[in-house]
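> TrEMBL lists these features:
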DOMAIN    6-127  domain 'Dihydrodipicolinate reductase N-terminal'
BINDING   GLY12, ALA13, ARG14, GLY15, ARG16, MET17, GLY100, THR101, THR102, ALA124, ALA125, ASN126, PHE127  NAD(+) binding site
BINDING   ARG55  NADP(+) binding site
DOMAIN    130-266  domain 'Dihydrodipicolinate reductase C-terminal'
ACT_SITE  HIS157  active site, proton donor/acceptor
BINDING   HIS158, GLY167, THR168  (S)-2,3,4,5-tetrahydrodipicolinate binding site
ACT_SITE  LYS161  active site, proton donor
Amino acid sequence: MKQRMISIIIVGARGRMGTTLIREVMGSDDLTLGACVDRSGGPGIGQDAGRLAGRPDTGVLVTDELKPRRGSVVVDFSLPKATATNVRACVEHGIPLIIGTTGLSEDDDKLLAEAGESIPVVYAANFSVGITLLLQLAGIAAAALGPQWEAELFELHHRFKRDAPSGTALRIGQAVAEASGRKFSEVALTDRSTLGRPRTSEEIGVFGLRGGDSPGEHTLMFLGEGERIELTHRAGDRAIFARGALRAARWAAAQPPGLYDMFDVLGLAE
Ligand code: NAD
């Protein structure tokens, strides 16, 4: 029997993630490139998506307007200012949305929750399978160790990343806080330079380093008396995020409406 092909619409197509997604879709057996969208007036508009990604021509030209089509899944890795328009377009056309853009506002979060009432939405600050497991391990460790083991985490990303600390680092901090009965917004610390006091046992330090070309490294430390646990994930290649997002797209194509994350996609949700 012929496999059903899923058409993928990539938003942010000219970006680092967009071009990686184009290559991954072109290399897959069950996905086709439905459309590629980028910012109006940007340099990639009108170019062939394959050429943009350093591959042969595909016949799909990059456009500046998202027109979701039935049977497609939209995969959006662009910028927060584009999120609201893209979410509304997917809702209007009843098309599943995979969203990887980080640094979203509270209003965007609300919009995603509302969109989940009518379409499948998968939102993850990090689509890597390894990070999804790290999040789960962070929760297990925090619950077992308790707040006497002080939690600190740092992340490193390439020089171009705009938001800091990374969405993933904040998500890891949140997993630690939730598993040990703390409210992350009350205990998160991203700058100690003006505090002028020692740390409290409750606080969770989250710090971002920027430079070079790393697609993302996260280290979570639990610091105890005379011993320390470190959980580290290193992304060697941003294709891991693209593969995770496309795994989510295949999964979302067959789901009822809802706001999902990678735990749902991997079957790890409670
Ligand atoms: P990038 O700057 O290389 O690419 C962003 C692209 O979005 C650019 O081509 C830009 O022109 C385009 N864009 C801007 N405004 C737009 C609009 N209104 N409509 C359509 N396209 C628009 O950035 P990147 O490194 O590819 O990352 C993109 C986003 O994905 C960032 O928010 C980044 O933090 C996030 N990211 C998420 C994950 C994850 O796993 N969730 C992994 C890597 C990156």
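Note that the numbers count up from 1, one per residue, in the order the chain is shown.
Including glycine, each Cβ sits where the backbone N, Cα and C put it.
For each listed feature, how buried is it and what is near it?
Note on the domain 'Dihydrodipicolinate reductase N-terminal' (6-127): DSSP counts are 39 helix, 29 strand, 54 coil.
Cβ-based neighbour count (10 Å, all protein chains) for GLY100 (NAD(+) binding site) stands at 24.
Of all Cβ atoms in the shown protein chains, 15 besides its own fall within 10 Å of the Cβ of ARG55 (NADP(+) binding site).
Secondary structure at HIS157 (active site, proton donor/acceptor), as computed by DSSP, is strand.
Of all the Cβ atoms in the protein chains shown, 14 others lie within 10 Å of the Cβ of HIS158 ((S)-2,3,4,5-tetrahydrodipicolinate binding site).
Around the Cβ of LYS161 (active site, proton donor), a 10 Å sphere holds 19 further Cβ atoms from the protein chains shown.
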> Counting only residues 6+ apart in the same chain, whose Cβ is under 8 Å from the Cβ of GLY167 ((S)-2,3,4,5-tetrahydrodipicolinate binding site)?
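Looking at Cβ-Cβ distances below 8 Å from GLY167 ((S)-2,3,4,5-tetrahydrodipicolinate binding site), excluding near sequence neighbours, one finds THR102, GLY103, ALA125, ASN126.
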> Expressed to the nearest Å, what is the distance separating GLY12 (NAD(+) binding site) and ARG55 (NADP(+) binding site) at their Cα atoms?
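On Cα coordinates alone, these residues lie 17 Å apart.
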> Using DSSP and collapsing to three states, where does GLY167 ((S)-2,3,4,5-tetrahydrodipicolinate binding site) fall: helix, strand or coil?
helix
